[in-house]
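S.K.: One structure follows; several queries about it will come next.
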Amino acid sequence: MQEDNIKVISRCRPLNQREIQTGAHSIIYCNKNLAQVSVKLPDRKEQTSEGQIEGEQTRSFQFDAVYGEDATNQELFNESFRPIVQTVVEGQNGCIFAYGQTGAGKTFTMSGNGTQPGCMPSSFNYIFEYISQQPSTVSFSIKASYIEIYNECITDLISQQTDLRIRQKPEQAIYIENLSEHSCGTKEDLQKILEKGYQNQCIKITQMGQCSARSHTMFIIKLEKTEVVNGEKVCKLSTLKMIDLAGSERPEISRFKEPMMINKSLASLYVVVSKLASQAPHIPYRDSQLTRLMQDALDGNSKTVLMALISPVSQNYEEILSTLRFADQVKKIPNQPLVKVESKQLAANQECPEQK
Ligand SMILES: Nc1ncnc2c1ncn2[C@@H]1O[C@H](COP(=O)(O)OP(=O)(O)OP(=O)(O)O)[C@@H](O)[C@H]1O
């Protein structure tokens with residue numbers, strides 16, 4: 001049977017100090033062997049947006065993998081992210097995106113910290129380790145870009161140019177006009193781009209009073225793999241997108257008073273996912289910047305992993321369920337045959353075509 005191109009995993013973070021001090025307890029049970037996450041109803045019955053919850057003790061969701069509070073970033077990388085990065089170094093597109101409410105662990109999982117490197121630094125390691133093991137007939141060129149989408153506005157986190165436009169040439173993939181791309185020859189170069197983008201984002205947040213939890217960030221790596229076979233060059237171009245989405249809490253319970261516009265991208269993502277899941281004839285990718293940039297991740301042009309991050313405490317019960325329901329919808333997207341990234345055959349002295 002063909003493997004699913006979109007995989008869904010869930011991770012629950014441990015209780016934090018504040019939660020432990022206030023006597024909170026976890027309402028999440030992760031069964032790694034069954035890839036099942038169960039949510040216990042809080043002790044007192046609560047009025048949810050769906051009405052009074054009646055009698056039901058737990059709700060369970062089945063995904064491709066689930067990770068509980070003891071899981072390490074390394075474990076997630078080895079089991080769930082490395083296969084995507086491997087796909088990319090072998091010449092197909094890949095996408096890893098983190099979804100969940102503010103504080104659920106998206107940035108911890110994507111970026112990590114000093115002791116537990118996250119998905120992004122581990123990917124940088126893996127890419128350059130892979131490259132170092134290739135024969136001399138294979139060469140790579142790697143370029144990185146880093147963007148933020150906030151309030152439907154795309155900002156280049158490296159050049160700091162703002163209000164960038166998404167463009168598409170006939171018969172070509174979409175691209176971001178004037179996005180700066182930075183050649184990276186080592187994993188440290190990639191790490192520097194990540195850190196610079198993060199710093200620039202922090203400066204922007206301070207200047208504009210914007211909240212980081214409300215913006216989406218996307219780290220984009222473009223790989224160009226050139227192999228000489230019988231005197232002919234074969235060129236493969238692939239892209240890895242690593243996306244840390246804004247906190248998914250709904251506006252009415254958000255701590256931040258903001259116009260609906262800020263959540264437009266996430267609202268569009270829900271619609272796109274539910275239309276894909278129900279096999280609707282038209283998928284409104286064009287409704288937001290985020291969904292336009294994620295189209296290839298969802299339409300069979302990429303190997304993709306959605307990571308649904310949840311907090312363990314009962315106060316977040318509604319958001320936990322809403323995150324898991326979103327993940328469940330993504331799981332229902334029917335598998336589409338992976339669109340093979342074309343290999344271009346070139347004469348030995350020819351350059352690979354410009355990658356958009
Ligand atoms: N699996 C984990 N193990 C240990 N600590 C974690 C884990 N997940 C998250 N944390 C800690 O919880 C806090 C919130 O996590 P994080 O900043 O990653 O949340 P987030 O979902 O990215 O929130 P935001 O939407 O605000 O960016 C951080 O202090 C982080 O170190």
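Just so you know, glycine gets a Cβ as well, placed from its N, Cα and C.
Because TrEMBL annotations are produced automatically, they should be read as predictions rather than curated entries.
Feature table excerpt (TrEMBL):
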| type | residues | note |
| --- | --- | --- |
| BINDING | Gly100, Gln101, Thr102, Gly103, Ala104, Gly105, Lys106, Thr107 | ATP binding site |
| DOMAIN | 5-333 | domain 'Kinesin motor' |
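Surface or core, plus neighbours and distances: that's what I need for these features.
M.R.: Within 10 Å of the C-beta atom of Gly103 (ATP binding site) sit 17 other C-beta atoms, taking all shown protein chains into account.
Mean model confidence of the domain 'Kinesin motor' (5-333) amounts to 89 (pLDDT, 0 to 100 scale).
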S.K.: Name the residue among the binding-site residues Gln101, Thr102 whose Cβ has the smallest number of other Cβ atoms within 10 Å.
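M.R.: Result for the binding-site residues Gln101, Thr102: minimum number of other Cβ atoms within 10 Å at Thr102.
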S.K.: Which residue, out of the binding-site residues Gly100, Gly105, shows the minimum number of other Cβ atoms inside 10 Å of its Cβ in this structure?
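M.R.: Looking at the binding-site residues Gly100, Gly105, the Cβ with the fewest others within 10 Å is that of Gly105.
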S.K.: With every protein chain in view, how many other Cβ atoms are within 10 Å of the Cβ of Thr107 (ATP binding site)?
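M.R.: Neighbour count, Cβ to Cβ under the 10 Å cut-off: 18.
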S.K.: Just to be sure I understand the contacts, which binding-site residues have a Cβ under 6 angstroms from any atom of ligand 1? Candidates are Gln101, Thr102, Gly103, Gly105.
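M.R.: By the Cβ criterion, which requires under 6 Å to ligand 1, the hits are Thr102, Gly103, Gly105.
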S.K.: 10 Å Cβ neighbour count around Lys106 (ATP binding site)?
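M.R.: I get 28 for this one.
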